[in-house]
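Undergrad: Please find one structure pasted underneath; my questions will follow.
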Amino acid sequence: MIEFIKCHGSGNDFILIDERLETYSFSEQDRYDLSRLLCHRASGIGSDGILFVLDSDKAEARMRMFNSDGTEAEMCGNGLRCVARYIIEETGKQAVDIETDKAVLAVSQVDPIYTGIDTFSVAIEPVSFAAKSLPMNFPADEAANVEVPALSKDYRFTALSVPNPHIVAVVEDYQEEDLAAVGEKANQLPDVFPKGVNVSFMKLLAPNKVFVQTYERGVGLTNACGTAMSASSLVSTLIGGNDLDTPIMVINKGGLVNCVVSKEKERYSIQLQGNATYVYRAAIEVDLEEMTWKQANSETFDKEIATYTQLEQYAASQI
Ligand SMILES: N[C@@H](CCC[C@H](N)C(=O)O)C(=O)O
């Protein structure tokens, strides 16, 4: 029997499982199997990934994030906001640290980005433009607004890790199929991106306002990707579209977030601020040998779902 919360950040949806609550004692294979079984949109619960919450000796808790294909990511921005809410509500503190794969990150509850939406801010770091940090095999140390001939002749990309790997193209307009095709191809080029890569198309809408959509490694097209919106905000700032230390409104297919890009002694960091909405809480019986599951009970969060619909409508009106 596994208890979980179905939640989302900007429509990027997750199954949050607190491994500390029960003695689940998942093995690495179990986490891989659970992700493939439960995230499946047709035969599972359906989600972009699973957020496992664990004990930490460095922070209030630890987050591990698995994509729907069972691979583990170094970081997940929208997911971290959901885990931030969970731990902040559990501890009653307004700010805590959460351990992630590559860093211990500060998270806090902040002023709402939209009326009635509890809002959480998470640090997105470390940031690196070194091609090897993704890793990306590229003839120069950095790939800033470059053509990647093996990938596409139509777009130019900037590569950065935050710390999961991203490439961002600034586009005027695009068809979703084009993003899907480029994203799929990028994740079939192990000679260029040995660990795969998240691919984003960003439109500059106005000063401090952008639209971002992402083909996520291990998932495919998603409503939003928090680390991608953070990476894109940084890229847009570097090309002069946005200001440092100023909220950038990032519209996405599932809503909107604010990203604040800062620079201290040549080091960039980003604050990603947005919703962490609970959709329902449930318990399921899972048989990992048979790879089957069945739902035992559930409780939905109707009020916050309804409030989030208003934010979605507002976001759509901003494009
Ligand atoms: N949706 C996430 C990122 C999830 C991981 C990504 N697919 C990867 O493999 O790096 C986010 O909100 O950042």
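Cβ atoms here come from the backbone N, Cα and C positions, even for glycine.
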Undergrad: Looking at TrEMBL, N12, G77, N78, N164, N198, E216, R217, G226, T227 are annotated for substrate. Which of N67, N242 sits in that same site?
TA: N67
Undergrad: Whole-number Å only: compute the distance from the Cα of E216 (substrate binding site) to the Cα of C225 (active site, proton acceptor).
TA: 7
Undergrad: In Å, rounded, how far does the Cα of N164 (substrate binding site) sit from the Cα of C76 (active site)?
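TA: Each residue's Cα considered, N164 (substrate binding site) and C76 (active site) end up 8 Å apart.
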Undergrad: Suppose the substrate site is N12, N67, G77, N78, N164, N198, E216, R217, G226, T227. Which further residues of the same chain have a Cβ inside 8 angstroms of that site's Cβ centroid?
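TA: Near the substrate site, the remaining chain residues are A73, M75, C76, G79, T214, V219, T222, C225, A228.
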Undergrad: How many other Cβ atoms are found within 10 Å of the Cβ atom of G77 (substrate binding site), counting all protein chains shown?
TA: 29
